[in-house]
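The annotation domain 'J' is assigned in TrEMBL to 5-70. Annotated domain 'CR-type' per TrEMBL: 138-216, in sequence order. Annotated zinc finger per TrEMBL: 138-216, in sequence order. Marked as repeat 'CXXCXGXG motif' by TrEMBL: 151-158, 168-175, 190-197, 204-211. Annotated Zn(2+) 1 binding site per TrEMBL: C151, C154, C204, C207, in sequence order. Sequence annotations record features per position, and here TrEMBL assigns Zn(2+) 2 binding site to C168, C171, C190, C193.
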Amino acid sequence: MSKQDYYEVLGVSKDVDAKALKSAYRKLALKYHPDQNPGDDAAEAKFKEVGEAYAILSDPEKRAAYDRFGHAAFEGGGAGPGGGNPFGQGDPGDIFENIFSQVFGGGFGGGGRRRNGPARGNDLRYDLEIALEDAFTGKDTEITLPTAVDCDACDGSGAEPGTSPETCPTCQGAGRVRAQQGFFTMERTCARCSGRGKVIPNPCKTCGGAGQVREDRTLQVKIPAGVESGMRIRLAGEGEPGMNGGPKGDLYIFIDVSEHDIFERDGPNLYCPAPVPMVTAALGGEIEIPTIDGGRARVTVPEGAQTGRKLRLRGKGMPSLRGSGHGGDLFVEMIVETPRNLSARQKELLREFCECSGADCNPESEGFLGRVKKFWDGMTGEDGQRPN
Ligand SMILES: [Zn+2]
Ligand SMILES: [Zn+2]
């Protein structure tokens with residue numbers, strides 16, 4: 001199922017500012033809110049869709065990731081729980097109701113739900129470029145990434161050590177407060193505790209009460225031999241920490257194998273264009289070529305070989321990723337080289353040599369001239385004249 005572009009969902013342009021974005025969201029969210037459309041599944045789906053689009057585009061970091069990678073920025077590849085959900089786990093109904101409350105400062109009353117259940121942490125993406133040689137051998141490497149971790153000083157509570165969070169005096173721990181407004185009873189998130197139900201009288205000095213700090217983390221990553229560009233390595237539980245005791249998200253390492261100076265890769269096979277001197281191509285002989293393991297191989301050039309001919313070296317390609325079966329092959333693609341800077345004597349010899357002609361001597365020319373003749377014959381008009 002292909003997802004609609006977030007900007008299109010909200011009917012805004014790519015350069016929309018925060019104010020216009022919020023206003024576009026407000027209009028659509030009001031229109032599709034489940035309380036306005038009881039029992040209408042299509043409206044509810046639409047409500048979630050605009051909520052998701054707004055949640056991403058209103059968050060500068062997520063919006064930047066989305067602009068760069070599209071929906072793929074938030075895809076967990078279906079590899080684990082919560083894959084594909086940019087909000088982590090948790091009740092999706094709560095999530096979108098919550099976005100709505102944040103924008104409107106309250107729900108339609110009555111149906112407001114609290115959001116202090118455990119929620120899974122966000123998945124993270126890390127792009128890693130590796131050399132073709134490393135993709136061949138596999139590699140143990142280290143990556144460093146900024147991440148939010150529980151604050152050590154307060155153990156993630158946000159309260160200065162020795163003190164603890166207290167029940168919010170405004171909402172008595174409910175996280176929401178109710179107020180009469182016209183004929184609506186508005187229930188809104190408690191402003192004092194932001195819906196957490198608890199306040200921190202003495203915030204931790206290290207994290208400022210957030211309970212989490214940004215930190216560079218270094219991780220060991222094992223790149224398996226045979227990886228290809230576009231593959232992802234999942235490190236379970238290495239994503240962002242969850243909220244309220246929820247599990248951590250996952251880290252996805254996106255592999256990009258860089259181009260190589262000598263070898264071109266197509267799946268498990270490697271291709272190596274190699275120049276062959278004209279005389280070697282004519283008489284047959286041997287050329288030496290490099291192999292991806294850093295070694296060298298001698299390749300027999302058959303007598304009369306032409307440009308474009310591929311010589312196969314079995315088992316000299318990339319290894320198979322799972323280590324099962326055999327890997328790919330190396331194809332040496334011959335490019336017959338025309339000599340330059342000839343001496344007078346060499347030129348004389350070549351002129352003598354030129355007397356040789358015919359299909360046996362010039363197979364490519366013969367085929368080509370045959371096709372050209374057929375083409376001209378087909379073009380001949382009724383008057384027998386060839387068009388100019
Ligand atoms: Zn702290
Ligand atoms: Zn409160």
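Each position is counted from 1, following the chain as shown.
Just so you know, glycine gets a Cβ as well, placed from its N, Cα and C.
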List those of the binding-site residues C151, C154, C168, C171, C190, C204 whose Cβ lies under 6 Å from any atom of ligand 1, in sequence order, or write none if there are none.
C151, C154, C204
Against the repeat 'CXXCXGXG motif' (190-197), which of these stretches has the most C-beta pairs under 8 Å: 151-158, 168-175, 204-211?
168-175
Outside the repeat 'CXXCXGXG motif' (204-211), six or more residues from its ends: residues with CB under 8 Å to it:
150-154, 156-161
What average pLDDT does the predicted model assign to the zinc finger (138-216)?
85
Given a Cβ distance threshold of under 8 angstroms, which distant residues of the chain, six or more beyond its ends, lie next to the repeat 'CXXCXGXG motif' (151-158)?
164-165, 200, 203-207, 209-213, 241
C204 (Zn(2+) 1 binding site) and C193 (Zn(2+) 2 binding site), distance between Cα atoms, whole Å:
16
Entries of C154, C168, C171, C190 (binding-site residues) sitting next to ligand 2, with Cβ under 6 Å as the cut-off:
C168, C171, C190
